Amino acid sequence: METPLSDYLYTARQVALKAGEVVKEAFYKEKEQKTKESYADIVTETDQAVEKLIISLLKEKYPTHQFIGEESTAEGKTVNWTDAPTWIIDPIDGTSNFVHSIPQTCVCIGLSISKQIVVGVVHLPITGQTYSAYKGGGACCNDQRITVSKVKELKKSVVITEAGNSRDPQILATKISNFHRVIEASHGVRMIGSAAVDLCMVASGSGEAYFEYGIHIWDFAAAGIILTEAGGVLLDPSGGDVDFLSRRVMAACNQDVANQLSPLLNHVEFKRD
């Protein structure tokens, strides 16, 4: 018998809450940190410990399932995304926020089946918000239904983006030029420091759109379904279908806003996940 998606969601929430306890305890202590691809791309011992905890708890419940995790991938494992049930994990999204004691940091757990994201949980242990959704079930924050903004004009929208970890001058120049054009065309631009939090903000009506280049599948798999179940659209920045391995994404409260945002963006190419 197939496991209902609501059961998977319940398990993911319980695991995210347990992981969040570890993150919260470490948040108020001094953090040991290392760098990955650049001096701006950091990892802490807590990231690694939390990912191991999440995988251990999920494996106990679902021993045949597959896993894609940020820290295990950083250790040299490739992203092998198959049709099998696969848990996609970011133990701490917003690691820089975590290191600098900025509370917008979260645990992300998504589940894909046949390469379709069907369950997502984004838990912010410091602020106490838990966003969740499963395919066809709508989206919630702390068990209260959330929906996207009804704004349909970019000039009346707040757009969220991130600078990312790359310090390549050409990549930064393209991102800054995008930033400039979007500021001119909108109410304003915000940088929160966590892709998952950004998407959950759009999902709950706190901002109308989001885009980012250099993102990874674990950064937005869980939050992506929360956004779409709240009524938003998740797309490639070109306006086409989202590709979770492409390292780029655009989201909006509706297609109208997406159609106005997309032409403003010059695309940045990153190596695929």
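If you go along the chain as it appears here, the first residue is 1 and each next one adds 1.
For all residues, glycine too, the Cβ spot is worked out from N, Cα and C.
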- Query: If TrEMBL gives I92, D219 as binding Mg(2+) 1, which of E60, E70, E184 does it give for that site as well?
  - Reply: E70
- Message: I'd like to know which of these binding-site residues, E70, D90, D93, is least surrounded, judged by other CB atoms within 10 A.
- Response: E70
- Message: Cβ within 8 angstroms of the Cβ centroid of E70, I92, D219: which residues besides those meet this for the Mg(2+) 1 site?
- Response: D47, E71, I89, D90, P91, D93, G94, T95, C108, A196, H216, W218
- Cβ-Cβ distance under 8 Å, sequence separation of 6 or more, same chain as D219 (Mg(2+) 1 binding site); the residues meeting this, in order, are E70, D90, D93, C108, A195, A196
